[in-house]
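Engineer: Okay, these came from TrEMBL:
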- 1-17: compositional bias 'Low complexity' (COMPBIAS)
- 1-25: region 'Disordered' (REGION)
- 147-159: compositional bias 'Basic and acidic residues' (COMPBIAS)
- 147-171: region 'Disordered' (REGION)
- 160-169: compositional bias 'Basic residues' (COMPBIAS)
- 206-296: region 'Disordered' (REGION)
- 209-221: compositional bias 'Polar residues' (COMPBIAS)
- 222-235: compositional bias 'Basic residues' (COMPBIAS)
- 256-266: compositional bias 'Polar residues' (COMPBIAS)
- 274-296: compositional bias 'Basic residues' (COMPBIAS)
Amino acid sequence: SSSGSDSGSEDSSLSDSELQEAFSRGQLKPGLNVVLEERPKRCNDVGGLKQCLSELKQQLAWVERLDVTLGQAVDPISQSASSKDAVDPENDFQREMSFYRQAQAAVLEALPRLRKLQVPTRRPDDYFAEMAKSDQQMQKIRQKLKSKQEAMERSEKAKQLRAMRKYGKKVQTEILQRRQKEKKNMLNAVKKYQKGLSDKLDFLDEEQTSSQGNKKGNTNQRIKKGPNAKRRYKNQKFGFGGKKKGSKWNTKESFNDVSSFRSSVAHNKGPGKGGKKALNKRPGKRARQKMKSRAR
């Protein structure tokens, strides 16, 4: 038993490479490797860690490292930096917002230091960098985006045209309905007038005024406009003779003036006259024959 424990301790002290060589030669047997159920004891080797850190650490200037370690930037709305405990790690929005605020704080700290060291932070105008995708691929993407944009514009125009047609049809139906209503009201008024239920003819006046509205508007415009320059020059040179057309039209006063009317001589029906029919009466057949025989 003592020899077995000694061999086990020797095997356990072997390195990994020696164990692999022993396994390839077939020297390892079941029972030699013991699985420890207890967790190995952890030791905090501060000295060893500091030694490793000193070996890895390089004394470089900040411009070569560009490391910035800060908290979150101040929220402009609440005017306070959100604390670390206030961020819920399960809430995606709060977590991403905390990263965003921390990046903002780092940028606000690093940019002035870079400008102080005269390090350019903006890309120059003639900057050229090799793209991850070729120009042909980007051209295809541009064409696809352009076709999508044109399709969206066409659909928007079609939508507007449909809306305009719908509005035009609505206006047209409203006009037709109004005309039908006016026609129906006029027919009802005519029927009432024919049956003697009403003695008003206002519907005729309304129809005439509605039909002559445009004509009156046009004549008023023409009257206000006045004659052209050629007509004014001729009026100044030859004078204006006055109104010719409509000079013999009756007026309201001349129509109502009946002082010159004489019933005794009206229509050639006065005393001693046979009237218009008597003057133009054709002689009979015998009289015409006698007149012919006399002429012979």
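Cβ coordinates are placed from backbone N, Cα and C, and glycine is handled just like the others.
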Engineer: May I have the DSSP-based helix, strand and coil counts for the residues of the region 'Disordered' (147-171)?
Structural biologist: 25 helix, 0 strand, 0 coil
Engineer: Would you mind splitting the compositional bias 'Polar residues' (256-266) into helix, strand and coil residue counts from DSSP?
Structural biologist: 2 helix, 0 strand, 9 coil
